[in-house]
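Taking it in order: structure first as structure tokens, then the write-up.
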């Protein structure tokens, strides 16, 4: 069936029109959505058909095989012409006056959509979610691969439709749709500081556990009461004493032990030097080496040799010296 030279065939609406941007008609609000303006004859045909509402259409550029979807705003255009937003013509690579194929379709309600702004400026808006929600109220459907335009504060922001569910084209009229954002196209991740590479030896040393210090008893240094440095280093004492060291002639067993321990300590402190029995040395002379005082060493050696008799005194046994020379 044909009406005024325009062919309307079958039970579906399908027609070719010349497209022009909204700048050819005094309706600037057309640019803020995805709805087109169609001729009155299209309304007559749609009214006679059993179609689903809201009215949704597939717009196709057969020359370049570009497809998009839109709604309808009014039926006041001249016959054979339609007016659409300029950003939609850019998506379909259309020029003023090009032919487009318009067909009514039924789209499922969307449940998920993923958006990607072209620039980071959109994220700098104080409340981009509210701005996007207000803008999408003027849209009836979304198509994967399209770029919609969001106008705010005398500036235009373009956003790509990256993904839609449950199909590539969805209806967003009276539906709860989850919205997700992808990083902007000009977004660059901050560079992470590069850690210096470690060699195999450094890694092996870092993995080796540190050896715990072992406990060593009595490792401190001695202090003298007079404040002078002490060179005395105690020798280890054996835990078991010999039976011959315990028994001493004369005196009780307790005094013999004390005498033996004192004598052993004295012998160790003098580095193996011998002392005469019954002689006690106090003060700094207790640690003096016999080599430092040869007189005392000679006296001690004489006392230790009881068999050697001292020479007797003989009077007038010296030499004579004459005054005459």
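Cβ from N, Cα, C; glycine included.
Automatic prediction, not curation, is the source of TrEMBL annotations.
Residue counts for the domain 'Ubiquitin fusion degradation protein UFD1 N-terminal subdomain 1' (13-108) under DSSP (helix as H, G, I; strand as E, B; rest coil) come to 23 helix, 37 strand, 36 coil. Here TrEMBL flags 13-108 as domain 'Ubiquitin fusion degradation protein UFD1 N-terminal subdomain 1'.
The domain 'Ubiquitin fusion degradation protein UFD1 N-terminal subdomain 2' annotation in TrEMBL covers 109-184. Residue counts for the domain 'Ubiquitin fusion degradation protein UFD1 N-terminal subdomain 2' (109-184) under DSSP, split into helix (H, G, I), strand (E, B) and coil, are 14 helix, 34 strand, 28 coil.
Annotation comment: TrEMBL describes 184-325 as region 'Disordered'.
Per TrEMBL, the feature compositional bias 'Basic and acidic residues' maps to 186-203 (among others).
According to TrEMBL, the compositional bias 'Polar residues' annotation covers 228-238.
Summarising the annotation, TrEMBL assigns compositional bias 'Low complexity' to 248-264.
Per TrEMBL, compositional bias 'Basic and acidic residues' is recorded for 289-312 (among others).
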